[in-house]
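So that you can see what the record holds, here are the features copied from TrEMBL:
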type: DOMAIN; residues: 18-303; note: domain 'Aldehyde dehydrogenase'
type: ACT_SITE; residues: Glu212; note: active site
type: ACT_SITE; residues: Cys246; note: active site
type: DOMAIN; residues: 343-451; note: domain 'Aldehyde dehydrogenase'
Amino acid sequence: NPYAGLVSHLRAAWLSGKTRPMEYRRAQLEALGRFLDEKKQDILEATALDMGKPSFEAYFTEILLCKNELNTTLNNLCHWMKDEHVDKNLVTQLDCAFIRKDPYGVVLIISPWNYPIQLFLVPLIGAIAAGNCVVIKPSEISKHTERLIAEMLSCYLDNDCFAVVTGGVQETTRLLENKFDYIFFTGTSCNPSVGRIIMTAAAKHLTPVTLELGGKNPCYVSDCCDVQNVARRVAWGRFFNAGQTCIAPDYVLCSVVMQEKLMPALREAITEFYGPNPQESPDFGRIVGDKQFRRVRALLCSGRVAMGGQTDEKERYIGEGPWSRGLWDHLCPSDVLPYPFSTAPTVLADVLPSDPIMQEEIFGPILPIVVVANVDEAVDFINARPRPLVVYAFSCDSKVVNQVLERTSSGGFCGNDTLMHVTLTSLPFGGIGNSGLGKYHGKFTFDTFSHHRACLHRSMGLETLNALRYPPYNQQKLGLLTATFEVKRKGMCTLL
């Protein structure tokens with residue numbers, strides 16, 4: 001196996017205990033902070049070259065949110081690493097019972113192309129904080145960002161403990177043949193087939209996994225709401241990063257009356273955001289590549305196009321972008337062709353559940369609207385499908401929002417907005433069922449990459465206290481043993 005030596009090298013470093021001291025972990029985390037600061041412009045340029053990502057969106061998602069994760073971790077690392085002392089029974093009152101947060105060992109992080117910095121860096125922060133050695137596999141689809149990570153990250157992190165592997169499906173397959181102690185995978189499709197491949201590879205070594213798989217995220221809009229505010233918040237969440245966001249609202253569920261109100265409001269919001277011709281807007285991104293563009297374009301046959309629908313397969317958006325040209329000096333022509341592809345922000349009305357666009361995660365700038373009679377029908381529609389990564393609900397009546405929350409199941413939930421729940425490091429992020437397995441962000445990332453080891457340290461003395469559990473057994477010993485070990489329910493009393 002071409003990666004066996006690399007994994008063995010990292011495992012030897014981990015077994016040496018090098019990554020365990022808090023000072024080492026902090027030093028590596030602070031190095032990641034320098035990477036974000038010193039390579040800020042390179043990150044903006046690489047993401048622009050890969051998918052025409054506006055610098056505002058790139059800074060917000062690829063740099064600012066990563067810095068928040070990093071600073072949250074550095075601010076709390078000392079507390080997170082401490083042993084967690086737990087309750088004891090009468091027999092162990094003089095002993096020490098605690099949970100030790102051990103690193104797993106050598107872990108693998110496989111990241112996607114849609115947020116190529118954030119979605120490898122956030123789990124990496126937690127893996128380093130937990131004391132692991134890490135192999136990072138960035139996506140080959142966002143090739144300029146992949147190159148940046150491969151060439152630059154080694155200048156900041158300890159190469160004995162952290163490594164980047166590049167390549168496509170074949171390289172990833174060979175990499176997965178090696179034994180890792182934890183695998184963290186983020187995909188860009190609700191299709192669970194890739195997740196099954198990861199789990200199958202992990203099962204050969206009994207390796208635990210976290211899977212972030214996405215999904216078709218429903219967005220219910222009740223008849224009682226501020227239509228303009230809903231339109232702006234839904235349009236922002238749907239068309240952010242040209243719709244290539246796993247937590248984007250995938251489709252709207254609303255009544256016929258609300259659909260007619262939303263149409264002009266969405267048109268106004270899209271024009272407000274991107275101007276009368278979004279293709280000319282520096283604030284609207286592009287589809288990452290030819291394969292993804294053709295897949296998204298094929299979905300436009302669903303429902304009726306209420307606005308948008310234009311595509312430009314041959315557009316060369318990255319000719320005169322708002323970013324600097326420093327990275328161009330290091331690229332040859334073959335590196336920058338083809339450029340990203342263009343699909344206008346599109347709204348589809350009267351979409352049927354059987355339409356092609358409702359059969360897969362869209363992952364592009366298209367917003368279908370499906371008509372339902374009321375909130376009950378919306379809930380039934382959601383529950384009849386695989387559980388999504390997030391459910392959105394809009395209403396001026398908090399009872400309606402809470403009703404959707406209580407009667408559905410999803411990885412996360414956001415009421416009266418989109419995307420914003422992931423900006424909080426205090427909330428866990430993850431899927432359920434087809435949308436994923438496991439959670440991360442903030443302390444949840446640290447916990448994900450930590451083995452919570454149950455520990456009891458007893459005294460070598462006081463042996464008389466142990467006599468109750470030793471043979472020969474009798475009824476008196478059993479009664480005393482029950483009295484010292486039994487856990488009683490609170491608030492219960494015994495009538496004498």
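Any Cβ shown, glycine's included, is placed from N, Cα and C.
TrEMBL: automatically predicted annotations, no manual curation.
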Q) In angstrom units, rounded to an integer, how far apart are the Cα atoms of Glu212 (active site) and Cys246 (active site)? A) 9
Q) Per-residue pLDDT averaged over the domain 'Aldehyde dehydrogenase' (18-303) comes to what? A) 95
Q) Using DSSP, how many residues in the domain 'Aldehyde dehydrogenase' (343-451) fall into helix, strand and coil? A) 35 helix, 26 strand, 48 coil
